[in-house]
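As written in TrEMBL, here are the features:
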TRANSMEM  50-70  transmembrane segment
TRANSMEM  76-98  transmembrane segment
TRANSMEM  105-122  transmembrane segment
TRANSMEM  149-167  transmembrane segment
TRANSMEM  174-196  transmembrane segment
TRANSMEM  202-228  transmembrane segment
TRANSMEM  240-262  transmembrane segment
TRANSMEM  316-338  transmembrane segment
Amino acid sequence: RAALRGTRAEECCRRAASLPACFDITLSTQLGWLLTTGVTYLCRSAWKNWWVRGILTLAMITFFFIIIYLGPMVLMTIVMCVQIKCFHEIITIGYNVYHSYDLPWFRTLSWYFLLCVNYFFYGETVTDYFFTLVQREEPLRILSKYHRFISFALYLTGFCMFVLSLVKKHYRLQFYMFGWTHVTLLIVVTQSHLIIHNLFEGMIWFIVPISCVICNDIMAYMFGFFFGRTPLIKLSPKKTWEGFIGGFFATVLFGLLLSYVMSGYRCFTCPVEFNNDTNSFTVDCEPSELFQLQEYNIPLVLQSVVGWKTVRMYPFQIHSIALSTFASLIGPFGGFFASGFKRAFKIKDFANTIPGHGGIMDRFDCQYLMATFVNVYIASFIRGPNPSKLIQQFLTLRPDQQLHIFNTLKAHLVDKGVLGGSEDA
């Protein structure tokens, strides 16, 4: 052992004596070494994933702006395509987990139920928003009149086909997949339909919520990547409190700024309506009070801090605080729910459609929850009776029914003092 130690000591001395010669290299070689080291560092797994996610995120944001520019019809088409892809990803997981490729007719029935549900929801939308066009065309008028009966008959056909396809040795498995399909329809199709309803209320109700979710996802990832130390939830080990809190403040600020910019443009604030004269969508109107600048008093506590007594802002910006708060505090629970789902079936992602991001469902798990909240929020705090829709329905009634409504309305207005009686008639 002593001889071995002596040999190692002599080797160390020889290396130490040769150090000056080893470091006598040119400046270009040094720079090359530093560049190689830096690239190697950046290509580590964490940084590599960061670059891949970052580049593809920018690509998706660019695509998002392009489809917004192309208009409402393209947006609705994209929403439907995303819905179909998400349905495919979740159903495929069910097939793989339960090894159900041998189940008779089940793949066909799953897609048949998707078709039935889409026919019902989109038929309701067409009847609601294209009422005049539907009443003008006789085939559409008949389909609209019996739409719900036709939808129920289609679903009932699928239900009977499922019962007839039951096989004795697969009863439990077939009912598992029957429930799987219907839960998927509830989560994906129903909520994607709400996205289209939000779109018809005005592009701003579509763009701001989606942008807030995207912003929160990006900022929470960046804050967590650079400052994350404290784990947030066991379902998502990479999520941290630092990312969660940083994403919240960044999203609220982003929502206020984006809302201020978009509230000044009619193409974003006006409801999307169908023009019967041009047979096209229009987004031109007089902006409501929600999108008109108003002056608000700043609380006394904050006046000494900001140095202002009043501030001019759009009322929609106040609503944007609620939207961005939900997107950053509650919206991520849609992602946690998806993480729990994937862990339950021991999969990393829903699919491999987008490198670094997973499947389409991995990107829209929070968006569906957000769409439901926005729809409920509009119905609860924003939307009122729509006079144009009431008039459209009134004009489709028989003359005697129209006269009855006219007399009832006239009597009501006289009682209220709006009309002065027979001399105003």
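Any Cβ shown, glycine's included, is placed from N, Cα and C.
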- Note on the structure: Given 50-70, 105-122, 149-167, 174-196, 316-338, the one sharing the most C-beta pairs under 8 Å with the transmembrane segment (76-98) is 174-196
- Query: Between the stretches 50-70, 105-122, 149-167, which wins on the count of C-beta pairs under 8 angstroms to the transmembrane segment (202-228)?
  - Reply: 50-70
- Task: Any chance you could find the range in 50-70, 105-122, 240-262 with the most Cβ pairs under 8 Å to the transmembrane segment (174-196)?
- Result: 105-122
